[in-house]
Amino acid sequence: MVRKTDDLDQSSFVATDYELNSAFTFENWVVGDANELATSAAIAVSEQPGKQYNPLLIYGSSGLGKTHLMEAIGNKVQELEPNAIIRYITTDDFMNDWVDAISKKKTAEFTSNYENVDILLVDDIQMLQGKTVFKKIFNIFNKITKSQKQIVMTSDVLPKDIPGLNTRLVSRFMQGVAYDIQKPDYPTRLAILKNKAEETGMNIDIQTLSLIAEEVDSNVRELEGAFNTLTLMARSGKKINVANAEKILEHLNITKQKVITIEDVQRVVAEEYDVSLADLIGKKRNSDIVMPRQVAMYLIRHLTDISLPKIGQAFGGRDHTTVMHGTEKIADLIEKDLTVKQRIETISAKIKERQ
Ligand SMILES: Nc1ncnc2c1ncn2[C@@H]1O[C@H](COP(=O)(O)OP(=O)(O)OP(=O)(O)O)[C@@H](O)[C@H]1O
């Protein structure tokens, strides 16, 4: 990602603007069961921006290709319409720009920069968690979609699951379509590796590629990491074969991820706070039980893909709104209190270690 403009004097406001990554194209994108719908929607948007699927939201866990797919839309539009104004921005930068514009009294410039686009690509909208720029975003988004210009967003969760996100904004974000990207299955992982091998012009035997595809099933970023290490090894004169690939996987400490369950989290949290499992999931409401219970709910939300109602069920049949409230409370505490943040990080690490 290359920042285009920022060498102006201190008092002028310049909205952040990134060059699109030219490697993130549809040509370099492997389609599989896990991303088929999101891919079709992305292609449709790139062919007719602003006409349908507006806004388009692509969501899913880290390293599964959300940014790639979003930028592929931008690259395609740029290719079809070289004069199109395409703005790619991370949510963090968007918010920093807003603060900057306010401090420089340049909010009109801010608005005009963001509204006057053909496509606005906004990465990582989950970063809006706990932020207060709702009204501005809401208005800008309205203006863009009303003028039949396109918005594409990525997030690691659905807007309704972003703690503390304003409900009007949630429904604004969901007014178009939302498609998720799941973890790629084995054939897709293998196809991604084959593409990479072709791109780099390396002659890697299928057994070695299959081994990596088989073992690295967490996300595509890690898959690429293992592949890149392998090619580095080759450049330093070592042979690329199954034996060396095994060494790399061992060295990178890559083993198939086991799925973290509700019980895994409940057990570790109960131990850490020295409460019984029965109390953790039971009816007691005293504060020394409520806090660990909410921590457990928070960690389940963050470490698993389990839905709010299912989590509620696993805590004595509680309602999903109770889980949401508990999760938000802990997210707030983490923001405000460093000790809580560190403690929860330690517990989270313990849960992962036990896998
Ligand atoms: N289906 C795919 N085909 C080809 N490359 C892929 C695919 N999925 C992911 N990748 C590659 O995996 C890497 C990670 O993808 P990307 O950065 O888009 O993930 P992300 O979901 O946006 O992650 P994060 O939420 O952490 O930002 C990129 O190099 C991307 O090109």
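Keep in mind that glycine also has a Cβ here, set from the backbone N, Cα and C atoms.
Automatic prediction, not curation, is the source of TrEMBL annotations.
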Of the residue ranges 1-17, 103-119, which one carries the region 'Domain I, interacts with DnaA modulators' annotation in TrEMBL? 1-17
Sorted by position, what residues of the same chain at least six away from Gly63 (ATP binding site) have a C-beta under 8 A from it? Ser218, Asn219, Val220, Arg221, Glu222
Same-chain, non-site residues whose Cβ lies within 8 A of the Gly63, Gly65, Lys66, Thr67 Cβ center for ATP are Gly60, Ser62, Leu64, His68, Leu69, Thr154, Ile181, Val220, Arg221
Going by DSSP assignments with H, G and I as helix and E and B as strand, what are the residue counts for the domain 'Chromosomal replication initiator DnaA C-terminal' (261-330)? 52 helix, 0 strand, 18 coil
In terms of DSSP three-state secondary structure, what is the assignment for Lys66 (ATP binding site)? helix
Tally of DSSP helical, extended and coil residues in the domain 'AAA+ ATPase' (52-182): 64 helix, 24 strand, 43 coil
Calculate the per-residue pLDDT averaged over the domain 'AAA+ ATPase' (52-182) and state the result as an integer. 92
